[in-house]
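J.: Below: one structure in structure tokens.
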Amino acid sequence: MKTSEERLVVPDSLSSDQAPAPVPQGSPVDENTDSEPVPQPCGGDDRSQVAADSVAGSVVFQEPQQGHPLPLSAPLEVEFNTPGELSPRIEEQELSENVSLPVEDTNQPELASGEDVEGVSEEPGPVDEGDAFWSYNFSQVPRYLSGSWSEFRAHSENFLKGCKWAPDGSCILTNSADNTLRIYNLPPELYSATEQVDYAEMVPVLRMVEGDTIYDYCWYSLMSSSQPDTSYVASSSRENPIHIWDAFTGELRASFRAYNHLDELTAAHSLCFSPDGSQLFCGFNRTVRVFSTSRPGRDCEVRATFAKKQGQSGIISCIAFSPSQPLYACGSYGRTLGLYAWDDGSPLALLGGHQGGITHLCFHPDGNLFFSGARKDAELLCWDLRQPGHLLWSLSREVTTNQRIYFDLDPSGQFLVSGNTNGMVSVWDISGAFGDSSKLGPVMTFLPQKDCTNGVSLHPSLPLLATASGQRMFPEPTNSGDEGEPEGDLPLLSLCHAHPEWQLQLWWCGGGPDPSSPNDPQDEKGQGRAEGCGDGLI
């Protein structure tokens, strides 16, 4: 646990008045009448051991014994009196939220010939205390900082399925093919007082294992590490209820159950907390179910998206809320987008235009624009809520499989970043593209690795880009190559041409030199070097 005297070393020498607090090492356990059985975490309740030793801190879900119900706390309640009002069971000293940062002069790097991308100013303006923010700068190739790869290469076919920063930026959540959610803290080297730092491989502080393939996962919308009662993760897996996990201990805190017309348990395909945290919206086949976060169980509101042969058909595969208007958008595997009123779910608009099932949605911070992406579809589409029937413009990317390929917007809404099946990461500057109906080209692309980049996530306050990679490998027919051997009826199958690179990577996107990384860590680890586009960029 970091103290208030420790200072954050910014790789590009940018300065601010506050660094994002790492996850505090504590968690409350409150009382509630509706309870769920949960396992006891490995290694007891010692929070300091969880942060120091990833193995000791890992939590593996096991079926709890009878007679040990877990009381669901009021953590999912969203009304708090003061930020410092924490559970009385938290005995550790809370991390100071005001971390002073050293002020250093920075020099803006020169752009390669032909580059016309504007970066951040050389000296960032003053920032209010408690509201630190660094701007993203994609005028040069992002610098590799750290990553995690050993965790995923221990088992075969354990590729990643996306990554998501916590709303407060204190940690990052990953999903992988071994049906495990992992939580990583920010690299401790960012808090080192030395200028020359060799970043070590990241290790997870928590592991939360689901029973089957994980369909979707998300952070609680009001999550803040300074308020442990808000630190939750929701996940949905095949033939299992929706689980709520404690992001401090990895314990299962609550479950939400949905049943079909035969009273059989059915799994949600998409999850999204409402902006105020009071409701959990879950996508099913032709249906959205709304659960109250203060009342776990099976009670929910059922909102049909398709009735009397009209409406949005197919499985609701993704849900996103507008940051400025009381509405939400739903994407379905039926290749349609639906806009609905938040209060009662009444349909507002139905849009089409994708070639495949919708896999991801994202609203612009201004609330007027939203973006959609689909599987086996080479376009990201931009829509304007002021003209819902009119497609504003499209962005080209490579998506050749059914895998969910994420994209993300930076907090200012200037840059949109997306992964590709070929491993490339594409960056678009959309700040000046409004009103232009033509296709917008990327300002920069780089190659983190040779495998599919399926997950990208931009930090909410630091210029940090997280990427997740990997995909399912299918054997390809090949010849034996041995002379004299009779050819069989069936061709041989081989993975000799596959290059699996399953890893989580962190990239600094703030521009300027990186004094904390004197050597290129990718060359030392044998990873592919990132390259740019244009004259100095690819």
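Using the three backbone atoms N, Cα and C, a Cβ is placed for every residue, glycine included.
If you look up Swiss-Prot, you'll see 1-53, 92-128, 471-491, 509-538 marked as region 'Disordered'. Summarising the annotation, Swiss-Prot assigns repeat 'WD 1' to 154-194 and lists sequence analysis as the type of evidence. Per Swiss-Prot, the feature repeat 'WD 5' maps to 353-393; the stated evidence is sequence analysis. Look at Swiss-Prot and you will find 399-438 tagged as repeat 'WD 6', backed by sequence analysis.
Please go over these features one by one and say how buried each is and what sits next to it.
T.: Outside the repeat 'WD 1' (154-194), and at least 6 residues removed from its termini, the chain residues within Cβ reach (under 8 Å) are 2, 6-11, 19-23, 51, 145-146, 148, 200, 202-214, 217-226, 233, 235, 237, 245, 247, 250, 404, 406, 451, 454-462, 464, 466-473, 500, 502-504, 506, 516.
Taking Cβ pairs closer than 8 Å, the repeat 'WD 5' (353-393) reaches residues 314, 317-325, 327, 329-337, 339, 399-409, 411-413, 416, 418, 430, 433-434, 436-440 in its own chain, all 6 or more past its ends.
For the repeat 'WD 6' (399-438), DSSP puts the residue distribution at 0 helix, 13 strand, 27 coil.
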J.: Run through the repeat 'WD 5' (353-393) and tell me, per DSSP, how many residues are helix, strand and coil.
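T.: The repeat 'WD 5' (353-393) comes out at 0 helix, 25 strand, 16 coil.
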J.: By DSSP assignment, list the helix, strand and coil residue numbers for the repeat 'WD 1' (154-194), in that order.
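T.: Split by secondary structure, the repeat 'WD 1' (154-194) comes out as 4 helix, 18 strand, 19 coil.
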